[in-house]
Amino acid sequence: MTDWLQHLPVLPVIVPLAVAAALIPVDERERTLKGSISFLSTVAVFVVAMILMRLSAAGEGALPGAGVYQLGNWPAPFGIVLVVDRLSALMLCLTSGLALAAQVYSMARWHTAGHHFHSLLQLLVAGINGAVLTGDLFNLFVFFEMMLAASYGLLLHGSGPLRVKAGLHYVAINLAASSLFLVGVSLIYGATGTLNMADLATKLPALAPESRMLVETGAAVLGIAFLVKSGMWPLSFWLPTAYAATTPPVAAIFAVLTKVGIYVIIRLGLLVFGTAAGASAGFGQSWLLAGGMATIAFGAIGVLASQAMGRLAGYSVLVSSGTLLAAIGLGHPEMIAGALFYLVSSTLTIAAFFLLIELVERGRDAAADVLAVTMEAFGDFDENEEEEEVGVAIPGTMAVLGLCFLVCAVLLSGLPPLSGFIAKFTLLHGLFDVPAAGQARTISAADWTYVALIILSGLAAMIAMNRIGIRTFWASIEGTVPRVVVIEITPVVVLLAACIFLSFQAGPAMRYMQATADDLLNPGGYSDRVLTAPRAGGQ
Amino acid sequence: MELILSAGIGTLTASGVYLLLRPRTYQVVIGLSLLSYAVNLFIFGMGRLRVNAPPILEPGGVGDLARHTDPLAQALVLTAIVIGFAMTALFLVVLLASRGFTGTDHVDGREQRGD
């Protein structure tokens, strides 16, 4: 039993990888079989992620090997380690949950649009899981590349001029970012002689000033690579186009890709440049703050300006990234827990919204869109006809879709009572949190700007969702009600239900997030755990 | 040695960045390749330059740090080369698909006046 448990941390990487490889030789016509195998594998990963989360919630001691898995049984600074803690377990759950939703959704029709959809999805999951588990910088690069390579394939899934054009830009930008990643990693290695994150954190405070400068340069270059991924303002123009061009199940799982960039920034920022880092503590925070705020503003303007729902969702991704980046940049330890809650809630919401968009738009044709815009500009010109339509029942499908849309709108704009509101509330509560008696804390101009931006971005989301909702659901039905299969609406409902569940269980969820934040703010604990972990089989 | 290496990295990076910003997809591919060569040399340089020092122990040899060069940087370069190579191949496929769909090799899929 203990032997089996010991290998738990490596399963979220190995299982999808093996399944992806096994599915490639299977004939493309056996799609349902491929989909089912792939589904079962993701369920297994989800279960493992849940077990890891439960164990890590009970404390590191409950995890097998204190959560440190030594690949090849080499101790930490020399070998590569996988590290499970509350944050990585949370990301594992989020990723595999989204992958499940995307997979079920794709099995209705989207996986027929091209080859090897399920293999690519499994590779993406393996890459993300590896990236959140690894405790080694270069290994992080390898998992990042794996994730990106799979994402190139998935973005191009379904082909067509629009996707290929967006894909070309996406691939070019990410290849350039990967070069920066390598430059950053090798600078850090050249200056400190280590690639292990825990080892790096312990070595940094004692570094000579000239090496420290190199490490900081390396970290800055590395940071740019992650910020491209997470969509910070001047580096994010590719994002809405790429996300809007891709197929809906892929867009849903892509919602977590930006969060992987943010995960790495949280992890490295608090571990390596945390309070214990001496002269380098809080390195780069002012850049994150300024960039994050610019991202919120840009995203909010984009949300207001977009006519198509796909682009609206793309800009919502940017708003969510910006909110998180600026929250990290403000550097108040009280806000970390709220930021993590926001990360989970907004990712689930946006993924559900991406899935919902296609279902809603299926019934509309492009001409109706143009008509709607014209009607807005020149007023209603067929008032007489509407008299005859009084009493037409709303079709059941439209009612369900409309309800889901409503929940999405409430979540995206952060209105009470759902988790979008709770997330923003906890962020702001952390911002204004009065510290222990005796310490006066002033609320700076940056804090106020952040508050204003968060509230205004919520307002922008509400206006945009209102406009699109009215145009879609309250317009006269143009004959075609979208045909929606049960397995397409189920993932949307489940993702939204997860958000609603988060709203009702906000207490336990926030306790978990608070414990995660406490972990992150105590980088010494992480380093000790990784560096003192015993080898398997004695010694 | 140091001068040649740094001048090489600088030239490759400059040419790579210039080509990356050009409007033709083929130029972008070459730019990305040049950039990845520059990065590979850079990683190599980060392991410190040593002439006539092997990265591995010979059988029966003594493990003396003064006589060996850093093997890790070389291992990293190898990984980076493989990944960079695969990504270039993948980008070429996307390039060809784009060319097939749009009939032009402009990165935006359509010609612009003045190019």
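Keep in mind that glycine also has a Cβ here, set from the backbone N, Cα and C atoms.
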Among A:123-148, A:253-278, indicate the range for which TrEMBL gives the feature transmembrane segment.
A:123-148
Contact set, same chain, for the transmembrane segment (A:485-504): CB under 8 Å, 6 or more residues outside the stretch:
97-98, 100-102, 104-105, 107-109, 252, 341, 344-345, 348-349, 351-352, 355-356, 359, 400-401, 404, 407-408, 411, 417-420, 422
For the transmembrane segment (A:168-192), distant same-chain residues with Cβ under 8 A (at least six beyond the ends)
137-138, 141, 144-145, 148, 152, 155, 200, 203-204, 207, 211-212, 214-215, 217-225, 228-229, 238, 241-242
Please indicate, using numbers and ranges, the residues of the same chain that are 6 or more beyond the transmembrane segment (A:336-357) and have a C-beta under 8 Å from a C-beta there.
87, 90, 94, 97-98, 101-102, 105, 243, 248-249, 251-256, 259, 262, 266, 270, 309-310, 313, 316-317, 320, 323-324, 327-328, 401, 404-405, 408, 411-412, 419-420, 422-424, 426-430, 488, 491-492, 495-496, 498-499, 502, 506, 509-510, 513-514, 516-517, 520-521
